[in-house]
Amino acid sequence: MHSKPQWLRAKAPTGEVFNETLNIVKLHNLHTVCEEAACPNIGECWNKRHATVMILGSVCTRACAFCNVATGIPDKLDPHEPENLAKAIKKLNLKHVVITSVDRDDLPDGGANQFIQCIEEIRKITSETTIEILTPDFLNKKGAFEAIAVASPDVYNHNIETVPRLYAKIRPRARYFHSLYLLKMVKQINPKVFTKSGLMVGLGETKEEILQVMDDLRSAEVDFITIGQYLQPTPKHAKLDRYVTPEEFEHYKYIAYSKGFLVVASSPLTRSSYHAEEDFNRLKACR
């Protein structure tokens with residue numbers, strides 16, 4: 001594995017606010033992608049009381065080559081999860097929350113109804129909190145993402161993750177064009193919802209392939225793109241091809257804005273929910 005360049009060195013997670021956030025998460029039996037996916041930004045985010053909550057359990061039914069989340073046979077759904085989530089958000093006094101999940105291909109709806117219940121419970125308990133969801137593709141199960149779009153989260157994020165050529169290696173159980181279709185249909189079903197998608201770089205993709213993904217996302221009317229460095233979690237995961245320089249990320253940001261995205265986040269440490277509240281405010285200002 002490559003040694004990390006200086007620009008990817010994040011501060012170790014410490015501090016009183018960090019520990020308070022951790023305690024609230026544990027008290028309400030919540031999982032976070034910050035912990036499960038070993039996010040490098042956990043220290044910065046949790047010290048701001050920003051946490052990305054992961055619903056539907058902590059075990060994924062897929063084994064994507066880039067992801068550090070545990071895979072296997074998941075537990076049954078927790079019926080108290082939506083209420084526990086809403087209470088934790090209120091206790092953390094979050095103005096903006098990001099909710100993601102593992103893939104649950106074992107469920108008839110892929111877990112879509114649990115997303116909807118979480119949205120409804122948050123609006124009941126802490127109505128001022130804006131809601132951003134980051135969903136899987138639900139294995140193209142009929143009516144799944146459509147029902148969530150109708151529930152009207154403020155932001156609907158679904159990550160494209162990588163370029164089409166690398167899907168068989170990186171996301172073998174997903175389909176590039178289904179992800180584009182999902183994003184396009186969410187916008188058609190509920191035009192007031194902001195749509196968002198993320199792309200990892202450093203897996204062997206070319207600049208031309210990245211620009212094509214940008215064009216495809218704009219054709220699907222996606223408002224916001226995030227571009228970040230792939231970091232290989234363990235030696236068994238997809239091999240890192242290279243570290244993309246900060247200057248290249250700035251170049252991609254410039255190009256993405258020129259293609260019509262309302263907001264672009266592009267840097268080595270950019271992740272889907274990194275600075276999500278600030279970026280949501282930027283999105284609102286663009287409308």
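Glycine residues also receive a Cβ, built from the backbone N, Cα and C atoms like all the rest.
What Swiss-Prot says about this one:
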BINDING   C34, C39, C45, S273  [4Fe-4S] cluster 1 binding site
DOMAIN    46-262  domain 'Radical SAM core'
BINDING   C60, C64, C67  [4Fe-4S] cluster 2 binding site
Integer Å distance between the CA atoms belonging to C64 ([4Fe-4S] cluster 2 binding site) and S273 ([4Fe-4S] cluster 1 binding site): 19
Other residues near the [4Fe-4S] cluster 2 site, CB within 8 A of the CB centroid of C60, C64, C67? R62, A63, F66, N68, V69, T71, V102, D103
C60 ([4Fe-4S] cluster 2 binding site) CB neighbourhood, other CB atoms within 10 A: 22
